[in-house]
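A short worksheet on the structure shown next.
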Amino acid sequence: MDSESTSIRPLNPHSDIELTTLEQQRSDISLSSEQPGASVNVQELPPVDEGRKAWIFCLSGLLLETMVWGFGFSYGIFQAYYTSHPPFDKASHIAVAAVGPTALAIEYGAGIFLAFVYGRYPDHMKKSMWFGLVLNSMSLILSSFVNQVWLLIALQGVGLGIAGSLLYWPVIFLVSEWFVQRKGLASGIIFAGSGIGGFIFPLIVNALMDSLGHRWTLRILAAIQAVFGGIALVGVCPRIPPIKYRRGQRRPQFIPPRLQFFSRKVFWTFATTTFLQAMSYFPVSLYIAVFTATISSPLSATIVLSMFNSSGVVGQILIGYLSDRFPYPWIMFGSTMGSAIAAFLLWGFADTLARVFAFAIIFGGLSGGFSSVTFAAATDAANPNPEQAGMAASAATLGKGIAAVMGPIISGVLLEAGKSVSSGPYVLQF
C-alpha cells in the first residue's frame, strides 16, 4: 500500500465533510512501509458526533463565543456610559455609537477573507488564534487610556474586531470536522455563548463602571478575557491534523477555483435573508437598553439587555436542534415572522417595563437563534460541492457585517428625526 494514498487529509476550512468521508477517516492510517518487519505508524482519528474530544471542542467554542460576542453585544452599556460621562460626553453620539458596530462588522465580515487565508495556511490557524487573544486584551487595555473618540473606534472598534474574528472564525471552520449528524445541535450550543455572554457581561460591566469607572472596567475585562480565552484555546483544535508545509513547498491557491455556490439562487436567497434579519436585530440589541432607560431606571435597562441576550441561549440551542430534523426554510420563516410580530405588537406599543421585558424575551429568543440555521443553509447553498459550505457560510455572513454598521446608523438617524414628533404608539421617545 502506498503511504500517500492513505495519509490523513489536511485541514481545509472550506470543507463541510460528509458523514461517509468522516467515518472512513476514523480508520485512516499512515504507513511508512509494507515490507515485512517495517515499522508502522498508526494514527487513529477521534470519533465524529461523540466522544470526549468532540464535546470539549464544543464547550471550548462555547466559551470563546461567550468572550467574543458577549462583550460585543454588551456595547449598549458602554455607549450609555460614554455619552453621559467624560471624556466622551461632549463627542458626537453617532460617533460613539459607531464603536460597537465597527467591531461587529469586522468580526462578521472577516470570515470570507479568513476562509481564503486558512485554506492556504491551515498550519497557522492555531497560532493566529493566540495572536487574536493577545490583540484582544491589548486593545482593551489601550482603550482605557484614550480620550478621543477616533482612538476609541480604532482600538475598541477595529482592534477588537480583528481580534474577535481571529478567535471566532476558526471555531466555525472546524465544527464540520467534529460534527455531522449533530452539527445543528453543536453549532446551537456554540452560538449560545453569545447569549450567555450577553447576559453576564452587561451585569459585570454595569457594576464595574458604577464603582470603578470605564478605564478600570476595560482593564479588568482584558484580564478576564485573557484568562478564560486562554483556557478555551487549549480545547479548540482540528480533528484532522493539518498538513505541515516545508519551506518552498507549494500551497493551495489563495482563492479556490470554481466557487459555484455564487451562481446558485439559494445562496443569494440565504445571504439576502441573513442581511435583512441582521438589519433588524442589531439596532434592537444596541438601542433596547437606551430606550428602557427612558421609561425606567438604568438598572432596568441593564436587566432588559441581559434578558434580551440570554433568551438567545434557548433560541440558539432549540433552533439548532430543530435544524437537524426539519427543513431549515421553515425554521427561518418561523424565526423571522415571530420576531416581526413581536416588534409590531410589543415594542411598538411599549409604554411599560412589562411589555419591554416580554419583547426582549420573545424577540431575543427568536431573532437571536436565527444564526443556528447557518450550517444547514450553507450546506444546501454549496451543493453539489459540500466542501465549499464553510466558505458559503462566511460569504453570506459578510452581509451581516454590513448590516451591523448600516442598521444602527439608520436607527440613529430615525431616532434623531423622531424626537420632534409627538409621543404615541410607534413613536417612541428616547
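Glycine residues also receive a Cβ, built from the backbone N, Cα and C atoms like all the rest.
Listed in TrEMBL:
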- 58-430: domain 'Major facilitator superfamily (MFS) profile' (DOMAIN)
- 54-82: transmembrane segment (TRANSMEM)
- 94-118: transmembrane segment (TRANSMEM)
- 130-153: transmembrane segment (TRANSMEM)
- 159-180: transmembrane segment (TRANSMEM)
- 187-208: transmembrane segment (TRANSMEM)
- 220-240: transmembrane segment (TRANSMEM)
- 286-308: transmembrane segment (TRANSMEM)
- 328-350: transmembrane segment (TRANSMEM)
- 356-378: transmembrane segment (TRANSMEM)
So which of 94-118, 220-240, 286-308 has the most C-beta pairs under 8 Å when paired with the transmembrane segment (130-153)?
220-240
Quick check for me: are there 3+ Cβ pairs below 8 Å between the transmembrane segment (187-208) and the transmembrane segment (94-118), leaving out pairs under 6 residues apart?
no
Same-chain residue ranges lying at least 6 outside the transmembrane segment (286-308) that approach it to Cβ under 8 Å:
74-77, 79-80, 97, 100-101, 198-200, 202-203, 206, 350-353, 356-357, 360-361, 363-364, 368, 408, 411, 415, 428-430
Which listed range (94-118, 159-180, 220-240, 356-378) shows the maximal number of Cβ pairs under 8 Å with respect to the transmembrane segment (54-82)?
220-240
Within-chain partners of the transmembrane segment (220-240) [C-beta distance under 8 Å, separation at least 6 from its ends]:
8-11, 25, 45-46, 48, 53-54, 56-57, 59-61, 63-64, 66-67, 71, 122, 125-126, 129-130, 133, 136-138, 140-141, 144, 167, 170-171, 174, 177-178, 204-205, 208, 212
